Amino acid sequence: MSGRLQACVAIALAMGLHVGAFALHPAPIGANSSGAGGENLLSLQAANASIAEMVDDWDEPPQAPQIAEVPPQQPVQSIEAPKLPAAPTQAVAPIALPSLSGGLPEAAISLPPPPPPQVIEPEYRPAPTVDVRPPKKTDPQNKAKRQPKKAAKPQKKAAPSAARAAQKASGAGNGAQAGTGGTSTAATLSKATLNNLRASWGASIRARIERRRTYPSAARGASGTVAVRLTVSRSGQLRAVSVAKSSGNKALDQAAIKAVKAARKFPAAPKGLTESQYSFSLSMRFSR
């Protein structure tokens, strides 16, 4: 109903606007109205009752819609499900299965007879023949002719003599200053050989000192190790001796020095050692 009312109002307003536009539009010069002797340029006509009713409805203010009151909701009561009686448990009786072996008849199975065994005859192969005839004798003269001649071996060079004869070097005046030139016999030894010679010589020196070592009575039961350093010439003479590391007991240190000096003469150095003197360090243990 409200939609139709609005449509009618809109149509009426449109018609009114058109009528107003025509009323405001000036009439052309020289044109007169077609009324029957009238002086007015426009003729107005009253609106009918339906249009006036539509205008009144349009001017009225819209009515606020009435909201229907919603009745308050009642709280929902929880309905408990009724307890069902428990179903009685029945013991399941075991089902006895019929035995299959007792009632079934045994089936008779007939097997075909086995095939006869095959006899395999061995193949006969003749034994190989061996030639037992003696070998033919060959003529040595023909064999010598067939062999090619071997190339002549080169002659070996004469080896130089190990020792050359002494050569005489004559002076400018052919006098008594003439001498003989000999060969050098000194050989250069390796470092390892020199170390071995020195170690063996040092061992013999240590053995000589150990035979002179005695425990001093002034030590009073003390024990310790004394390191001494000694210098010996190639001929075996003692040049110097000193304490390199003390044992902490003066009596033991003096006993070590006394043992070195008591040895006096040591073995001479090996021929390979050419230095004038050598130094050695040795440790002596004293205990009661």
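Here, residue 1 is simply the first one shown, and the rest follow in order.
Using N, Cα and C of the backbone, Cβ positions are placed for all residues, glycine too.
Because TrEMBL annotations are produced automatically, they should be read as predictions rather than curated entries.
Lifted from TrEMBL, the feature list:
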- 1-23: signal peptide (SIGNAL)
- 106-184: region 'Disordered' (REGION)
- 133-142: compositional bias 'Basic and acidic residues' (COMPBIAS)
- 143-156: compositional bias 'Basic residues' (COMPBIAS)
- 157-171: compositional bias 'Low complexity' (COMPBIAS)
- 172-182: compositional bias 'Gly residues' (COMPBIAS)
- 200-288: domain 'TonB C-terminal' (DOMAIN)
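For the domain 'TonB C-terminal' (200-288), the predicted model reports an average pLDDT of 91. Secondary structure by DSSP for the domain 'TonB C-terminal' (200-288): 30 helix, 28 strand, 31 coil.
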